[in-house]
Amino acid sequence: MEVFTTKTNEAIPSGTASGSTTTAKTGPATAGASGGEVMFQFFGPKIDSGRVREAMEKMTERGRIGNVSLVPGTKLSFRQDVGLMLQSVVINQKGPIRENTEFILSCVAQGSSTMSFRWYKNGYFVNVTKATRNMWTRLLPLDSKDHYTALLGINRANRLDEGIYTCQVSDMGIQQCRSTKVQILEVPQLRVDPPSVTIFRGDSLLIRCLSQDTDRRFGTLGYSWTKNGALFQSDPNGELWEDLYPDGSILKVNNLQKSVVFTCIVSNSVAPVSRSVHVTVVEPGTVTLCPEGVDFGVSWPASASGPAVLADCPKRGTGLASRICEQRDFGRPEWLVPDFSDCRPEEVIEIENEFRGLTYGYQKTNGSNVLQSCLKFATTHGATFLPGEGGVLLELLQEVFSYIAATGTRHEQEIASDIILRIIDVVMQNKASLNSQQQIKQLQDLVQAAALNHETTMAAPISSSSSSALGPVAGPGVKHAASTTATHQLNSFYLYTETVKGLPFNLQIYGDQLYSDQLYMEMESSSSLQDIVAHGTVLVTVISYKNLTSFLPRFYFAKNSFGTDIDYIPASKIISSWLYYANRTGSEANQPLHVPLEAAHVEIIFQHENSPTSEWIPLCGYDAKATFEPTWRTDLCITENMLENITRCICPLSGTFVVLLAKKNYNPSVPKTSTRPILVVISCGCCFLQSCIAFAIMLPILYQRRCCVTFLKMQFCSATSMAMAILILGLLQLFPPVSRGDSIASDSGPFSGGSVASPPSGMAPERHAINV
């Protein structure tokens, strides 16, 4: 099939020719006549090219082609192209493609120079511009056989690349498709049973090592075992291992005498994979074990205190759950709360796979749909989240938000921010959903990023049944000096964002907006702030967390330079305020602006819990993020105790704030001793003096007559003098004029009572935090 194209410059009084496939292009009109260019396309065998040319020339001579009249002087051009024909779609590798290796798909077709190529996987368009990995497309120039070749390259193959790839070629309204199947050989997915175990000395053990059925599609797998990292010989009397049918391996261990780590190694042509089993051996009758039992749907074996015990996740998830058996007082062990942060529910795995495919360039879904799926999962399972299971969602939300920020439109980013805020609200309503410092920091980063994402329009309210005050403008409890604002109040946090349009700037938020707390922000018209405002749009963001304190440790411990332990308790809600540049990219994006306290500050009136005893006093704590570490600083804020449960904090504008209850003088003081042992000091002094006099008397005698007896006497005198001198100095140092108890009391600094404006002096880096 050939394509014959003719072009004429002509007048077009009554439309286009009929009976053929044509494309008309008209140019600018000329004086007295309508002129333009018309293109006629004829499809037929190559042998008819002469007849087509002859027919067109005759019609041009007559000055008429059908109902189209030609102006005098019309010129005719004729071009013959090859008709569309899709030749082949091939892969540059034979057989299955190993994971993490490169493969290239080639689509070879004949046709005109205007034809286009598109790639699809399993029926969905492959968009390399939306991919975050290294994949590419390329169109090679025409070869000697009049073939065009389109390439699709993927530098590192992944299991999600497996599927049916289709090349679609379009030319002059005609489409042709051809497909090929891509198979990926991935690393084996390995599982050991049991993941960890505790046994008594002399007992036997059986360990199974299994892989998934899909790992055997392209051949058998090789298994081997190591003991403490070293290979060992299979011995029926000790460690015996053998392969299972159709796949797997089993290790039988007899008469274990000490703790050991056994590792199962399985390999295929891609790479070896290993899983280890920690075997803890204890002496019978000497160690009390944490009892076996079923908790959170997981069967926990009897275990000794020490490393975390691993177990398979509940039925709805894959991975390993962990739990620590902790030794309590009097040798009594006790189970701690399990950690399910490494367990991934099946629904989340499906959502992750859809998102991974999106980042790989496969347009099966989009970022908003992925977040909607996350919201549906959180809404359905939020009330039954296992301890730490909410962290799995936060990790996925962070990746999706970063992807949309890099590839999505402004509208898509705003939709993503709203959905993420709603998901976080659901997660925070379950106090067991988060259990690590990384999860707490990730939660605050996500809320901050979502707030900053409204920097331009700030007019996208969150439509949620849990929202109590949503909309593009502030509520009655907010007074501000600018008009571009956005407020979002959910069950777990309140978020307020406003653009700073000029200086001075004042902001007041109070009442239910901050859960009964009050916030006053002031920005003076200083030179430093004038420079900041002049260099771009500046945003102010305020976030009040209703129950973030419940995810933090109940107690924080720190030690000052005098050795005094300080005990802190977070006693109020946590509030964050930030000053940002809007529309910044690169390293400057999401970076808060820090200004001096005298130029801009935030004043917060906290309502907090009462002090347990008179030993506890409130302090204003400042940090960049609320974490599990005792990094709260109390020297950057001015603290004023207004009532027993109300404290005013004046702090720098950008930061996270909380009221801490601090216990003064945590360590007991050394008992007082009123006087030194004067009698003992005088006696030692007399002995020292007599020894020195005796040494001086014997010195000339030894000079006149050398005698060993005299020399020995002089040695005795010198030794006695030195001993008495050391004893006297020791007594003077041991019993100073002022008791040590008085010294420690004087070192307590700000903990002497009343209003506190600074922390204990000389705070050392030795800090601890516990969750009770």
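Every residue gets a Cβ built from N, Cα and C, even glycine.
Keep in mind that TrEMBL annotations are predicted by a computer and have not been checked by a curator.
As annotated by TrEMBL, region 'Disordered' applies to 1-32 (among others).
Residues or ranges marked as compositional bias 'Low complexity' by TrEMBL: 11-32.
Over the domain 'Ig-like' (72-183), the average per-residue pLDDT in this prediction is 91. Under the heading domain 'Ig-like', TrEMBL lists 72-183 (among others).
Residues or ranges marked as domain 'Ig-like' in TrEMBL: 188-280 (among others).
TrEMBL lists 263-347 with the feature domain 'G-protein coupled receptors family 2 profile 1'.
Residues 710-711, 713-714, 717-718, 720-721, 724-725, 727-728, 731-732 of the same chain lie 6+ residues outside the transmembrane segment (678-703) yet bring a C-beta within less than 8 angstroms of a C-beta in it. Under the heading transmembrane segment, TrEMBL lists 678-703 (among others).
What TrEMBL records for 715-735 (among others) is transmembrane segment.
The region 'Disordered' annotation in TrEMBL covers 746-772 (among others).
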Remote residues contacting the transmembrane segment (715-735) - C-beta distance under 8 A, at least 6 residues beyond either end: 673, 675-677, 680-681, 684-685, 687-688, 691-692, 694-695, 698
Within the domain 'Ig-like' (188-280), residues counted as helix, strand or coil by DSSP: 4 helix, 51 strand, 38 coil
